[in-house]
There are 2 protein chains.
Amino acid sequence: MLPDHQLLRIPGPSPIPPSVQRAMSQQMIGHRGQETKDLLQRIKPKLMPIFGTEQEVMIIAGSGTAGLETAVVNAVNPDDEVLVIVTGSFGERFAKLCSEYRIQTHRLDIEWGKSVSPESVERYLRQHPSIKAVFSTYCETSTGVLNPIEELAQVVHHNSNALFIVDGVSCVGGVESKMDEWGVDILITGSQKAMMLPAGLTFVAASNRAWKVIAANKRPRFYLDLKKYQITLAKDSTPFTPALSLLFGLEQVLKLMEEEGLEQVYARHQLMKNMTRAAFQAHGIPLLTSDTSASPTVTAIKPADFPAEELRRIIKKEFGLSIAGGQQHLEGEIFRIGHMGYCSPADVLQIIGIIEIGLQKIGKAIDLGKGIRAAQKVYIG
Amino acid sequence: MLPDHQLLRIPGPSPIPPSVQRAMSQQMIGHRGQETKDLLQRIKPKLMPIFGTEQEVMIIAGSGTAGLETAVVNAVNPDDEVLVIVTGSFGERFAKLCSEYRIQTHRLDIEWGKSVSPESVERYLRQHPSIKAVFSTYCETSTGVLNPIEELAQVVHHNSNALFIVDGVSCVGGVESKMDEWGVDILITGSQKAMMLPAGLTFVAASNRAWKVIAANKRPRFYLDLKKYQITLAKDSTPFTPALSLLFGLEQVLKLMEEEGLEQVYARHQLMKNMTRAAFQAHGIPLLTSDTSASPTVTAIKPADFPAEELRRIIKKEFGLSIAGGQQHLEGEIFRIGHMGYCSPADVLQIIGIIEIGLQKIGKAIDLGKGIRAAQKVYIG
């Protein structure tokens, strides 16, 4: 195998663009000085369109889970009842977070691989009028499902006064988010997926309704106190020491996304999804998700007649291509391809080409190139 | 001024060594794969001697304040009484954290610029036998004071059953820490000071006594739940997405510290402190702290006859040298020089040389080179 040649196509972390690597290697500066204020001032307006909001987007040094916890400890009062829509392991995380904080937590469990239907949420909310917050994942990384956030926001607001809180960690930046227009009250993402950075930053934006609840919330919190971030960000600063190297990289990421154009970024992710799905469909290899509930950032495949782990092992060994396996009860049952952030349609062709060789090598008789051809046709249109 | 030539000598963030910059620019890898397990396995044993402990050192993605909060939410039970020793703004932070969590918080306020005396802590603990945890800063960044942690640990343990919790953010890695031998129950540091990394990691180690309290503590916590880090670190993993680029850099930092030798690292910081103090003493410029309570990582100067802010402005403008001002009531009253991490005695000579020119330029009649000479003599010994 060619040394120092790794292809990272798991659903996060995603590869870092060279110019972002260079930006991150800038020497440190005083994080309370004018240079850092200027940096944050340049970053702030470019984050807002990615969230589809006129609200400032808070930047916290921490993993995505810190962002999820930020939503819980700021927006949920001690006595509130909440509903968590669980479509996979990251829905589970919201539920665990709420129960750890002893919040009365209702669960709406959806079969892994399916998206939640707005009707089922509507029914649930009508039966439980006291629910104060509804939690959902946007892209469920563990299954490659994209939940219908716009429709969910509608049913939440038509059937309750609950806040609608969305985990967008594995898709915001690669999939359109219209937080304000749709009525999402809190949207969270992380740095290591479609945002093309190493992990270590989490981003949280809140609606005016959410800010009102946050201001009135008496729950103790300090490092994840969103109000502290709002007050300091208004002055182009942070309440606690910022992760500077990641902020240097973030500015360059935002430049790259602006150059390409957000519409084109989203179209590219749609295209990569369609190419990937077409390739496996051409081979008659089952996909975990339906065309309508599939995410543009990650595709899960559920092979019927070959071992997923065998395939992952051989393509990693022969080509350095890393793809992900399944989580929890789907371990060994599925494999997942990340096509997000710094990933192009040409990379998808490469992934499919390698997987076809891998399938041949593990003894599945396949028509080499057939998946590629299907993906190429999707590209040409 | 020479372009792209900045000298960052504030008490954090500190400059990043070139080899650490290169290490951090390594391409991403799967954070649940074997490579990351191997990386953590290599890092773990090298962190322990820096803390002076046989305990594993937990690595959390977040700022130093997240580390301080980790100590509070894990080691303090809801009904506990605690004592916070406040010798400056970071002691204040511990007090704010505890009061935010509605913990019954006693304060022992010490005049800024002085270190706490073990006797005063002994008296306080005898008067308040119900105190369950004592918080202290090791190096108080805002004043350049180094508190006598070994002696404090003794009086805490001889006069109470309280846990002794220490904020070592601005000195661990540059000043010797013997956590186990001294009897420190929880020691915290951050990545952006003596650890020569960008901000974004915080490190927390706990004694067996502390782990017992943590295990029994019913306080809700999730992202900062230390037990989750302990369980996963034992398997060379992390409970939540690790800040990979900083871990890449951390391994190189630990290599550099091992090459130099920890004893020599600590001796270098002592030497830089003594050189810096000798230089200002030679000019008859008052230091904020006494020789016995001064920190090896940061020196605070309290000028009697020239404006600190004027000096800071001119040396930044003419030489790109950044030093820090004072915080809170010391704003404008003092200036602070960081000599920690990637900083050598030769850098101290440069800092002094620039400051002497700056003093001349703001109209203070000084004997140019006199401070340098004093520092050189300290170096030669």
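The backbone N, Cα and C atoms fix where each Cβ goes, glycine too.
According to TrEMBL, the feature domain 'Aminotransferase class V' maps to A:22-328. Look at TrEMBL and you will find A:LYS193 tagged as N6-(pyridoxal phosphate)lysine. Annotation source TrEMBL lists substrate binding site at A:ARG336.
In sequence order, A:ILE10, A:PRO11, A:THR141, A:SER142, A:GLY144, A:VAL298, A:THR299, A:ALA300, A:ILE301, A:ILE323, A:ALA324, A:GLY325, A:GLY326 make up the list of same-chain residues 6 or more apart from A:ARG336 (substrate binding site) whose Cβ falls under 8 Å from its Cβ. Using a 10 Å Cβ-Cβ cutoff, A:LYS193 (N6-(pyridoxal phosphate)lysine) registers 29 neighbours. Within the model, the domain 'Aminotransferase class V' (A:22-328) carries an average pLDDT of 98. The residue listed as 'N6-(pyridoxal phosphate)lysine' carries neither a helix nor a strand DSSP state and counts as coil.
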